[in-house]
Amino acid sequence: MTDFAEIWGYLGRDPLLWLTLTLGAYVVGDAASRASGRNPLVNPVLIAMIILGTTLWATATPYPVYFEGAQFVHFMLGPATVALAVPLYGQIHRIRKAALPLIGALLAGVVTSVLSVVWIGEAMGLERQVLLSLVPKSATAPVALGVSESLGGSPTLTAVLVILTGICGAVVVTPLMNALGIRDWRARGFSVGVAAHGIGAARALQVNETAGAFAAVGMGLSAIATAFLAPILAGWLL
Amino acid sequence: MIFSVTLILVFQLAGVVLVQLLHLPVPGPVAGMALLLLAMLLVPALYDKVRPAGQGILQHLSLLFVPAGVGVVGHIGTLGSQGWGIAVALIGSTLLALLAGVFAFLALAKLTGAADD
């Protein structure tokens, strides 16, 4: 037992352990998602979060120690955002043709997201700081954190809420759109990119190439629109 | 592959610099995405150069959100006491935003005749 404690004391501080566990947890989540036939309810990010969260809790490891190792994965978010230009370019002629629907859907999606989260949140009696942290929830993480901070919310809470929003969007989009009988992949992809940023886009890329490209556009435009509109809308409401 | 990765990092760096210089309200990587798109529109040969790394990264895009998501452990207290309210607001608002977006798109696509091919 002392041996284990000693090994743990050494390994628990090594970034390699947490990097390996992050990839390992995702491999498990992805395998489960694959085994379910990509059932939207079996979300790989959510499974990985549960595995890792439980591990941190069980080993009393502080989040900053975990992040020492996980930061290498986190860093790749930047290059991945840049790489979204690739599917976007591949579909550029279809995107150009749909310019007006894109702008309309962008404004409708972003405004609805901000207004409805504040109204529902107020009705549910949420604290002001939680409400402010929820305002930019549909934007991609770096934008959302900046907006949350400028509004007086909690950036770290926003980071979590953004991820949960992404998972929620990724889980509901396919059953919701199928139930409504919507077959336009452009509309499906774009709206999930606007409402549920990169995690929604990741789901869209899995389902259909066109949907993925439009989701990438939606995510990028939603980031820009949220950065400008969320502070104005939140100023009116809160 | 290395060339492909380098190109993507170069565009991210360019985006970060642009955002700093012009004080833009978007993050550097989003500006980098716009710059890379613009560059491919001007020089279509770039597409085949960035595609290998680009598609490689995007294949497992959702993995990259895991480290930030694990931050949930630091907010168990808030999520516990106001968890129901947060869940209702978050799920309700995401559904409404999805519906608003998709119906606005379809209505405008019909209006402008921008049907899919």
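Cβ coordinates come from backbone N, Cα and C, glycine included.
Going by TrEMBL, these are the annotated features:
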type     : residues  : note
TRANSMEM : A:16-33   : transmembrane segment
TRANSMEM : A:45-66   : transmembrane segment
TRANSMEM : A:72-90   : transmembrane segment
TRANSMEM : A:102-121 : transmembrane segment
TRANSMEM : A:157-177 : transmembrane segment
TRANSMEM : A:213-237 : transmembrane segment
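The stretches the transmembrane segment (A:213-237) and the transmembrane segment (A:16-33) are not in mutual contact, being linked by fewer than three Cβ pairs under 8 Å (pairs 6 or more apart in sequence). When each of the listed stretches A:45-66, A:72-90, A:102-121, A:157-177 is scored by C-beta pairs under 8 angstroms to the transmembrane segment (A:16-33), A:45-66 comes out highest. Away from its own ends, the transmembrane segment (A:102-121) comes close to residues 95, 130-131, 134-138, 187, 190-191, 194-195, 217-218, 221-222, 225-226, 229-230, 233-234, 237-238 of its chain (Cβ-Cβ under 8 Å, at least six residues beyond either end).
Counting same-chain residues at least six beyond the ends of the transmembrane segment (A:45-66), those with a Cβ under 8 angstroms from any Cβ of the stretch are 8, 12-13, 18, 21-22, 25-26, 28-29, 32-33, 163, 166-167, 170, 199.
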